[in-house]
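The structure appears right after this line, and notes come after that.
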Amino acid sequence: MPSKAPRKSLSVSFVWTFSILAVLRLTSASFRVIDDCDEVYNYWEPLHYLLYGYGLQTWEYSPEYAIRSWFYIALHAVPGFLARGLGLSRLHVFYFIRGVLACFSAFCETNLILAVARNFNRAVALHLTSVLFVNSGMWSASTSFLPSSFAMNMVTLALSAQLSPPSTKRTVKVVSFITIGAVIGWPFSAALSIPFILLELVDLKGRFRHLFCRWFKAIFVALLITGICITVDSLFYHRIQFVAWNIVKYNVLAKDGRGPDIYGTEPWWYYFANLSLQHNIVLWFAMACGPLVLLAAFTNWINLDSFLDLSSVISPFYIWLFIFIIQPHKEERFMYPIYPVLCLAAAIGLDMSLKLMIQILSSINETVRSKFPVRFVVLCVYAIIGCLSIARILAIQNYNAPMIIYPAISFLETDNNVTTNVCVGKEWYRYPSTFFLPDNSRLKFVKSEFDGILPGEFVESNSTWWNREGYYQIPEHMNEFNNEEPTRYTSLESCDFLIDLEFDHSKATVNEPIYSKSDGWIPVMVYPFIDTKQTPFMGRAFAVPFIEPKWGRYEILVKKPVKIDFSNLRRASKQQA
């Protein structure tokens, strides 16, 4: 274990590392596409309701089910209220909150890097820094307003604390961060603490007094955090609610057509494919880390204590993969909590691979070993990770049309005293949230081929933010079976604007006509959106110079006759460009 670095050099390292990571994460806050409708409807919309008194409501927020935490929403409302106090528009409030998420993620990642440098291995810390700097998976997850992203940051802090020498303080810190991530964020992230608990039992074997005192304090803090969360959520819902337990009940114990599987299932290899896209060869080094650690232990390359320490750090990655691979319902966001563990395992795997390679070369010929270009190989690995990650990030921008189109509605000349309806059909799941609409606009749904349940609307409220009626009133026409609710739809005649996506190969149906070719509507603003059916896989997954994507048209349509000041739209187009 390396000696501790001077406090001054560590503080300088923190400032520089945090600054670079913050800049990189802020690019995510500015440009990342919201690719999960759950993030919008279950988190951004309730946050908008808390801040402004109106927004869309999913069945999960009905007090009958209560599987979403208002405490989690309220925590993110703090920077929202600060941004409002600064006089920012609702769109800028959205990006301000994202910026706070970016900086918090950078803070957590910096703590992990310095913890690895102090207590583990400086070479691994360098590899970890490079992986985090250029990793497209972390770039996306860092600014997601999802409980799994929140849990990811808490796991990062817990992992940082775990790397310090054993003590009561370490145990309390690790348990506290895991509890915060599980109770306020996502309860399943608690499974990542299993290796640490086992390590503690091994370290304190036979010293029951120390074990009792250490864990008594840790459990007390965990219960305190849990009690605070239950209290806050119960105040919002106006009834006793333990949301984390409700989530577990719904996802694990639900029967009779309930549960997550009704929203779709994926094959066992889904996560390997997805992690390969998000982390490229970083995943390979992470997967190799476990076998390399076992090999090192069997060949006496590392002692038993080092083996236990390494195993407790990297095993959560494999445990998490196993747990979620066997679940039929799979989502990209379910992997977020292990992203920092994956990156650390990859850094360790890269370090051990290089050392193993050098050892093999030494056994062959010392001259060959001395000429082996270690630094060049490391730089090549970094370059491959960086190029693939940048290509992935750029490719995702091909889906950013909704983030451009919706704000442009505010440039259309409308009467601010009249509520306008912005309607969406098949594109309901790409809606970026009410933060992107003008103050006097409301999102409405028109019938499409989708036959599941769509969000309803919170009861609009002028009450103080902590006592809005939508928190505790039981809404009508909600169900947990994903059954279609016809009350969600509005007539096309009541729409003022319509958002649609059109491709050259689009075929009209009764419920999904090609609106731009109909008599009643005309597109007034169009933005390119990648055509995933006509673009080869490599062109969709990565920005490849020799593969030109095929494009569709993401459109704002208005009723005929058109009564719009087109100079405003031209100005909007220039600003977005």
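The first residue you see is number 1, and the count goes up from there.
Note that Cβ sites are derived from N, Cα and C of the backbone, with glycine treated the same way.
Here Swiss-Prot flags 1-29 as signal peptide, drawing on sequence analysis.
Remote same-chain partners of the topological domain 'Extracellular' (30-68), defined as residues 6 or more beyond its termini with a Cβ less than 8 Å from a stretch Cβ, comprise 74, 76-77, 80-81, 84, 90, 93-95, 97-98, 139-140, 143-146, 233, 237-239, 241, 243, 246-247, 250, 331-333, 396-397, 399-400, 402-403, 428-435, 442-443, 453, 455-458, 460-463, 465, 468, 470, 472-475, 478-480. Per Swiss-Prot, topological domain 'Extracellular' is recorded for 30-68 (among others), and the stated evidence type is sequence analysis.
The topological domain 'Cytoplasmic' annotation in Swiss-Prot covers 90-95 (among others) and rests on sequence analysis. Residue counts for the topological domain 'Cytoplasmic' (90-95) under DSSP (helix as H, G, I; strand as E, B; rest coil) come to 6 helix, 0 strand, 0 coil.
For the topological domain 'Extracellular' (117-136), DSSP puts the residue distribution at 17 helix, 0 strand, 3 coil. The topological domain 'Extracellular' annotation in Swiss-Prot covers 117-136 (among others), and the record cites sequence analysis as its basis.
Sequence-distant contacts of the topological domain 'Cytoplasmic' (160-176), counting only residues of its own chain at least 6 positions beyond either end whose CB sits under 8 Å from a CB of the stretch, comprise 108, 111-112, 114-116, 118-120, 193, 196, 200, 203, 213-215, 217-219, 221-222, 225, 312-313. Annotation comment: Swiss-Prot describes 160-176 (among others) as topological domain 'Cytoplasmic'.
Through the fold, the topological domain 'Extracellular' (198-217) approaches residues 166, 168, 171-172, 308-309, 311-312 of its own chain, all at least 6 residues removed from its boundaries and within a Cβ separation under 8 Å. Residues or ranges marked as topological domain 'Extracellular' by Swiss-Prot on the basis of sequence analysis: 198-217 (among others).
For the topological domain 'Cytoplasmic' (239-280), the residues of the chain that approach it from at least six positions outside its boundaries are 63, 65-69, 71, 135-137, 140, 182-183, 186-188, 226, 229-230, 233, 286, 321, 324-330, 332, 334-335, 342-343, 346, 384-385, 388-389, 392, 472, 480-482, 541, judged by C-beta separation under 8 angstroms. Feature annotation from Swiss-Prot assigns topological domain 'Cytoplasmic' to 239-280 (among others).
According to Swiss-Prot, the feature topological domain 'Extracellular' maps to 302-305 (among others), an assignment based on sequence analysis. Within the chain carrying the topological domain 'Extracellular' (302-305), a Cβ under 8 angstroms from the stretch's Cβ atoms is held by residues 293, 296, all 6 or more beyond its ends.
Same-chain neighbours of the topological domain 'Cytoplasmic' (327-333): 35-36, 38-39, 141, 144, 146, 148-149, 259-261, 263-266, 270-271, 274, 278, counting only residues six or more beyond its ends whose CB sits under 8 Å from a CB of the stretch. Residues annotated as topological domain 'Cytoplasmic' in Swiss-Prot: 327-333 (among others).
Taken from Swiss-Prot, the feature topological domain 'Extracellular' applies to 355-375 (among others). Within its own chain, the topological domain 'Extracellular' (355-375) has Cβ neighbours under 8 Å at 292, 295, counting only residues six or more beyond its boundaries.
The topological domain 'Cytoplasmic' annotation in Swiss-Prot covers 397-577 (among others) and is backed by sequence analysis. In the predicted structure, the topological domain 'Cytoplasmic' (397-577) carries a mean pLDDT of 91.
The transmembrane segment annotation in Swiss-Prot covers 69-89 (among others) and is backed by sequence analysis.
Long-range Cβ contacts of the transmembrane segment (96-116) within its own chain (Cβ-Cβ under 8 Å, at least 6 residues beyond either end) map to 10, 13-14, 17-18, 21-22, 24-26, 28-30, 32, 47, 76, 79-80, 82-83, 88, 124-125, 128-129, 132, 138, 141-145, 149, 152-153, 156-157, 159-161, 163-164, 340, 344, 347. According to Swiss-Prot, the feature transmembrane segment maps to 96-116 (among others), an assignment based on sequence analysis.
Positions annotated as transmembrane segment by Swiss-Prot: 137-159 (among others).
Per Swiss-Prot, transmembrane segment is recorded for 177-197 (among others).
Beyond its flanks by at least six residues, the transmembrane segment (218-238) meets 63, 66, 69-71, 74, 168, 171-172, 174-176, 179-180, 183-184, 244, 466, 471-472 of its own chain at Cβ-Cβ distances under 8 Å. Under the heading transmembrane segment, Swiss-Prot lists 218-238 (among others).
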CB contact flag for the transmembrane segment (334-354) and the transmembrane segment (137-159), at least three pairs under 8 A: yes
If we skip the immediate neighbours and take only residues 6+ beyond the ends of the transmembrane segment (69-89), which ones have a Cβ under 8 Å from one of its Cβ atoms? 43, 46-47, 50-51, 96-97, 100-101, 145, 147, 150, 184-185, 228-229, 232-233, 236-237, 243-244, 465, 471
Range from 281-301, 306-326, 376-396 with most C-beta pairs under 8 A to the transmembrane segment (177-197): 306-326
Quickly jot the same-chain residues contacting the topological domain 'Extracellular' (117-136) by Cβ under 8 Å, restricted to those at least six beyond its ends, or write none. 1-2, 4-5, 10, 13, 17, 20-21, 24, 109, 163-165, 278-280, 282, 343-344, 346-348, 350-351, 378, 382, 385-386, 388-390, 392-393
If you run through the topological domain 'Cytoplasmic' (160-176) with DSSP, how many residues end up as helix, strand and coil? 12 helix, 0 strand, 5 coil
Residues outside the topological domain 'Cytoplasmic' (90-95) whose C-beta sits under 8 Å from one of its C-beta atoms, at least 6 past its ends, are 29-30, 44, 48, 51-52, 80, 83-84, 407, 410, 433-436, 439
